[in-house]
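**Q** Shown below is the structure under consideration.
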């Protein structure tokens, strides 16, 4: 019989061939549907190998209690690499003292932590353990992605960008996904284990749909014993504010080290970033997507309401549906074997909790193509995504007696500037056209008409409590007596006044006595007002066909101390005439932190000492005190470094030179994160292409 000595898993070679070498050089991590090679060594020579080979087979098993009946254990002979959908093995090289065996996993095998055994002479020899991931390089895998640049970006790139701000001022913040760090893959499978503790059917892990839905449910702990606790409408106490996170690995490691206690705190961009890390690690091409003016918690309704008082103050209503300044979700690439082929490709996945009539609180994966075409019956949750980016927002004025009156003005449209990081670059790519046809186009009209027809049909065939869609938006009859225009910069530097220009036109055939109220409120990204910061009132008498222009400024002294975590201001202009008609316009702007810049020399070479220069310009009228900068850069510096600036005087610039020696070539990012008494989350990043030594 065979006298087993040891097995060489050829980790370096296999991991390199399977694009997992960055995950580990000490353990075998392979992708399904692609062969890997092992060499079995014997302690005594085998001179007649064919009879032995016929009595020998391999066993691959996964899960706590693997069995053939559950599909978590399979036996296969060492013969030839056969059916793509079956486990198989072939003898590549044989010697009296060793066999080199090529093992082929099916392209639809469940992902997981596996044990490989050799059965010979009525005994099992443990050859080793390996981790099996999805394989976007394999044509037969449901997650196959044909473009190599996209595979590099959506599987292997650990440094991302998450967009926030407003639709007119898209801002970027760096994020370290860290999906290839060795311990992250174990945490990802622990996450699946925790999620499936009641349903221990590991064979479901063959489906990228199942894995995506499991991960989305686990990231937000409102759904299960998940990873993150959502930060409520107030300040985040007893935890880390969402804007302080710089990457996914500290969150995942804290969750794992605390025996799966939810980490405080997360909001939509943190949920999406962690989902991206987990799915990229497991082998599903994934990206982070931001949309602006997002109708949240509409319960698939195509209308959403905003409420203001008679001075134009945005009110917080009990109703949960509201318009978010921005929202962040994920897209995952896969073939939808459960649907017709046109729905394969990018799938929208949203881990942020939504109020839904039925089913889990997360959404997706929903084919982006189905969202664009208004195909509401397609799984999963297409109707919620469609409503969020197509709902019309009606503005109401709540009078002193609590009655509501519709405000006149421009309609607020949702689903704008849908953005993601470009492939192989730091540029922002607008992908709105993937979700919506051009505004005003015939295709857009056809899609909306189709959806409205479905809504009307549902209203006539079911009770209102059972309808999936509701509230078809109706256009208001707007008189054209008065017109108001509000103009401001889309963003402003912290420490500077915010200039406003308001133009009022009287198109009526008579003189109009009007009352104008201007105000600024600080705003959370989810549309909830924080506090009123500034207000001014004007009485204007407008002659027939007269235009009047006002120029005012919101003083920085009145907004600087009360900005929310996302530094958003909502500016409103409300105009009333003697006929009680109310005209309202609103504009959201971003208040940007003082510039923190990073500069590299023109050329940087691997293993050669170099420097980076960081400078901070204090745009405020007061000193920045107790400034600390944390610097990180994979392949540029070892671990994080912390530097203390001390104080930076008003309108002055402080500079810092950082020595570094790059140990990896190619595009490398340096990230700086500044905190001080006045500012908490000032982030900056720059990428340089390091030349190979």
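Heads up, residue numbers simply count up from 1 along the chain you see.
Yeah, the Cβs are placed from backbone N, Cα and C, and that goes for glycine too.
Not measured: the values here are computed from a predicted model.
Summarising the annotation, TrEMBL assigns active site to 268, 327, 350. Annotation source TrEMBL lists domain 'Transglutaminase-like' at 260-353.
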**Q** In whole Å, how far is residue 327 (active site) from residue 268 (active site) when you measure between their Cα atoms?
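**A** Spelling it out, the Cα of residue 268 (active site) and the Cα of residue 327 (active site) are 6 Å apart.
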**Q** Write out the long-range same-chain contacts of residue 327 (active site), meaning residues 6 or more apart in sequence whose Cβ is under 8 Å from its Cβ.
**A** 268, 290, 291, 294, 296, 352, 388
**Q** Around the C-beta of residue 268 (active site), how many further C-beta atoms are within 10 angstroms, looking at every protein chain?
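**A** Other Cβ atoms within 10 Å of residue 268 (active site): 26.
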**Q** Work out, from DSSP, the number of helix, strand and coil residues along the domain 'Transglutaminase-like' (260-353).
**A** 18 helix, 41 strand, 35 coil
**Q** For residue 350 (active site), what residues in its own chain, 6 or more apart in sequence, show a Cβ-Cβ distance under 8 Å?
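**A** In sequence order, the residues whose Cβ lies under 8 Å from that of residue 350 (active site) (at least 6 apart) are 216, 272, 329, 330, 362, 363, 364, 381, 384, 385.
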